Ligand SMILES: Nc1ncnc2c1ncn2[C@@H]1O[C@H](COP(=O)(O)OP(=O)(O)OP(=O)(O)O)[C@@H](O)[C@H]1O
Ligand SMILES: [Mg+2]
């Protein structure tokens, strides 16, 4: 029963969508890569039939759009067939980006929570800080990232930390917004109860506001962890970093290595999905410990 | 009460007036009574204009009293309890709780409050909910355990301690919230329609249990209800209130003995008091019309 419904409710719909996407992708590969084959044939003074073009469009070295199996092969080759310490291993590059992501995510979470606590407990902070928090996100990250990297390089900071700071810059925002809402979510009657016990604000915080905010925190964290990864990748672009998924994307686009770009993109998507899943699991584990309905 | 010598500084008018209030309180019965309200009024400033929830309320509650507040919906019963509990500030008149201001009394944790809704924390088990005030007031782990077990038994919820609130019926949740208010040593118990959501049988049982508890512990209880029989059965004093602008229309001293079996409710004496309460409620209504 359980397995059957899992098959019917999850596997079949998701599988159908994947098959559809792959099919559309192959069609697009043929149409986008065909002009190159026609040009080559024309230059050599040959005529080429559609049936001859199709297999060629899927085996180009630098296709406009690589075929799914080319990307899959590249992914396989650069993850399984290379030592993880090798500069040509995608796992190595993913780890470089991931470490910056995790550091930035951790800093962003802590910063976001601290700001939210300040905003909730202090009227002046609520008025003065919130507009700045919102304004910070209206500046395009692509504009500010190079400046952060360059300025930090100038004072001798390079490598992990500048990238992590860009992740922090992006990820603290959803945490602040979510936590302010979460810390304010207790009902009046629940707060009144604390008042009748003459509870200190620290006690009210730890025994009421903090537990009440957990669902809001984890919802924010799911967004924050995904954009932390974006931040880390963006942070690798402006300096022409030598390692990381961003560096792979950049190098790929310099040399027209579209297969490499797509492999890096898929790796990034995979890492993001993994991170979101981990946060999701932590979310349900915490809610279960807090006695939520099964 | 500590009696401070009063030094007079005629130039300091404010301190003079404050002190003279304090000194009159010490002479008046206010100092010995648990709750003493004089000319108490409370007007809420709302966007639709002022709403008078209490006006000119004069009432004293003596130690060991069981006082019921009865009156139509919106007549200010909850508001009065909230003023005692320092959850609302009166806009006129004075009120003392154990001879102090409500705020001082709250700092001393002088009362337990049972809200109209159970207000259990959903992420805490029932026993953890009952232990909440104990944690905040710094009871030892052993004492917490002992008190939780005792109060669970008192409200007949033994065996449900490990359950979460959503696993209990509404009535059981309300009993858990009563247990939470009983867990610590407050001499004053403020109960806002604690049994409103319960069926007759459970209600009878809890009424009996509450009377027993009151007799055993010598607590002072302020109890809001909509039920005339409940008010008469439980109380030594029944406060009848009328709606808008929230006045006390009658205060009935019960002549029933403190020892009250359930079937006292069929005695003529009981019915006579119930009749007087009903008359009081009716008079309050005609005031409104
Ligand atoms: N926070 C508030 N702001 C504005 N008006 C209020 C507030 N609390 C209560 N009131 C008003 O004060 C009046 C008395 O309310 P209260 O809750 O004390 O009534 P009650 O006697 O407890 O009624 P019920 O039996 O329905 O619980 C009502 O008219 C209500 O609308
Ligand atoms: Mg009420």
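In case you wondered, yes, glycine gets a Cβ from its N, Cα and C as well.
Bear in mind that the values here come from a model prediction, so they are computed numbers and not experimental data.
In TrEMBL, the transmembrane segment annotation falls on A:216-241 of the listed ranges A:190-215, A:216-241. TrEMBL lists transmembrane segment at one of the ranges A:67-93, A:94-120, namely A:94-120. Here TrEMBL gives transmembrane segment for one range in the set A:132-155, A:156-179: that range is A:132-155.
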